[in-house]
Amino acid sequence: MCGILALLGCSDDSQAKRVRVLELSRRLKHRGPDWSGLYQHGDCYLAHQRLAIIDPASGDQPLFNEDKTIAVTVNGEIYNHEELRKKLVNHKFRTGSDCDVIAHLYEEYGEDFVDMLDGIFSFVLLDTRDNSFMVARDAIGVTSLYIGWGLDGSVWISSELKGLNDDCEHFESFPPGHLYSSKSGGFRRWYNPPWFSEDIPSVPYDPIVLRRAFENAVIKRLMTDVPFGVLLSGGLDSSLVASITARYLAGTKAAKQWGAQLHSFCVGLEGSPDLKAAKEVADYLGTVHHEFHFTVQDGIDAIEDVIYHIETYDVTTIRASTPMFLMSRKIKSLGVKMVISGEGSDEIFGGYLYFHKAPNKEEFHRETCRKIKALHQYDCLRANKATSAWGLEARVPFLDKEFINVAMSIDPEAKMIRKDEGRIEKWALRRAFDDEKHPYLPKHILYRQKEQFSDGVGYSWIDGLKSHAARHVTDKMMFNASNIFPHNTPTTKEAYYYRMIFERFFPQNSARLTVPGGASVACSTAKAVEWDATWKNNLDPSGRAALGVHLSAYDAETPLSNKPSKVIDSIPRMMETHGVAIQS
């Protein structure tokens, strides 16, 4: 992931302003260590920190149209850029960069071209012919982006908070699936899929259609000119990504450049569930597997760096970001610059364990819609920033626009968890890849129970965080928490500890408002907490909080805070054939 920063319409175009833009852009250099670029036109500045994935030799930014009247700075990947180039037959391209099509598309189609892009992106485009500009963010918000306003009437755009929080009177997260136009002076949603209205779909479930759609989503993400690999936790989602990648890698341009031997990466505490499962999947697929270990103390020591880079105080996100942050550093040290990951599946298919309690298919579907719409504040934010902290790019095929359209058009009855019928969470996805003749995965991996990343790396990780926070946050501090933090008041010592660190880095009120809040159990939205009355007394984002569902769930008799660690010594064994109920 690259870093973009733009200052548009400032009060002066002095050398001091240029120096300030360069200074702020350098705060994003971790996102793009390969090259820096800055373009100035009057009182507008476009800065770019490049992570070179496609056309490393000539794709430096900002990028321009033929006569350089249109300039654009982009963070992202446009997977259909070759098809788009064919539509732009009267245009000449200076580079082989996938992002080079954007300025030319604007020239040809105006602001309405954004929906033509198949990929992940955040960009700022400046039209010097009338000094107008537009900003856009991808459909789901896989790439991070913020917008701010200065007292002098300027508009600021940055890939991360730290690029604008000190210079803006007000700033906020740029909404995914939207564009901002200086011509209209406001936001407009360009992404308008059928599922966004939350109406209940009725397309019959077809496992083959679903399988092909996801295979296509993975294959298009094999577009790269640099070494890459897959993140492999041993859970269903990352294992499917790895399996499909291994199956189709041989015939790609990437394989011709770097070889057809796929590299896989996993992180965890010694003896954690994920490490064991990932090793088994890697052996089955024949990948070159890299297993990284960390200790609870390693993670605790990294917490401040994690919060600075991830830019949140959300407990779930910090728990899961820390091992991913540590793993990304190790991966980059091996010379790898891009990884494919499994984020998004749980939101689309209702994979979190609390979905076992969904009262009906209508509420099930609406909750998946709510979860997808919030992804940019949670898993997308984590995956993007934890990897970008070390100049690594993460691609997420489950959040492919075409795949989401297919998966979210399915009658949600097919996604419902029916223990009496042997249908566990994400059964529709598991069934789609249950191929007896040409198996994608071992059966017990294909039907392994959901582990949230922060749980799967080792259950003592979360318990260690809670103990550490308890040593730094007193009961008196908690008693006065609502006076110190009236917005999103921390309800646990762990949350209070993270909030203190966040406020030190980002003390502005606008910063704290970028972080979501509300009651949650096992990663649910606040609305879904209403599904089970017992959850209101056990609000915790860990998957183990799904009492009576998780195989290693806490007992229901006593509060979560009093529970000892429960570390699984062996992988939960699902049945040898699909469709057999979870053993609990």
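A Cβ is built for glycine as well, from the same backbone N, Cα and C atoms used for every other residue.
Heads up, TrEMBL stuff is auto-annotated, nobody curated it.
As recorded in TrEMBL:
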type	residues	note
DOMAIN	2-185	domain 'Glutamine amidotransferase type-2'
ACT_SITE	Cys2	active site, for GATase activity
BINDING	Asp98	L-glutamine binding site
BINDING	Leu231, Val267, Ser341, Gly342	ATP binding site
SITE	Glu343	site 'Important for beta-aspartyl-AMP intermediate formation'
Cys2 (active site, for GATase activity): tally of other CB atoms within 10 A of its CB: 28
When distances run from the Cα of Leu231 (ATP binding site) to each of the recorded positions Cys2, Asp98, Glu343, the nearest one: Glu343
Arithmetic mean of per-residue pLDDT over the domain 'Glutamine amidotransferase type-2' (2-185): 95
Farthest-apart CA atoms of Leu231, Val267, Ser341, Gly342, residues recorded for ATP, distance in Å: 15
Packing count at Leu231 (ATP binding site) (other Cβ atoms within 10 Å of its Cβ): 26
Cα-nearest neighbour of Glu343 (site 'Important for beta-aspartyl-AMP intermediate formation') within the listed recorded positions, Cys2, Asp98, Val267: Val267
Neighbouring C-beta atoms (10 Å sphere around the C-beta of Ser341 (ATP binding site)): 23
Cα-Cα distance linking the residue listed as 'active site, for GATase activity' and Ser341 (ATP binding site), given in Å to the nearest integer: 18
Residues near Gly342 (ATP binding site) in space but at least six apart in sequence (CB under 8 A): Leu231, Ser233, Gly235, Asp237, Ser238, Leu240, Val241, Val396, Phe398
Residue pair Val267 (ATP binding site), Cys2 (active site, for GATase activity) - Cα distance, angstrom, rounded: 24
Distance [Cα-Cα, Å, rounded] between Asp98 (L-glutamine binding site) and Cys2 (active site, for GATase activity): 13
Count of other CB atoms lying within 10 Å of the CB belonging to Val267 (ATP binding site): 29
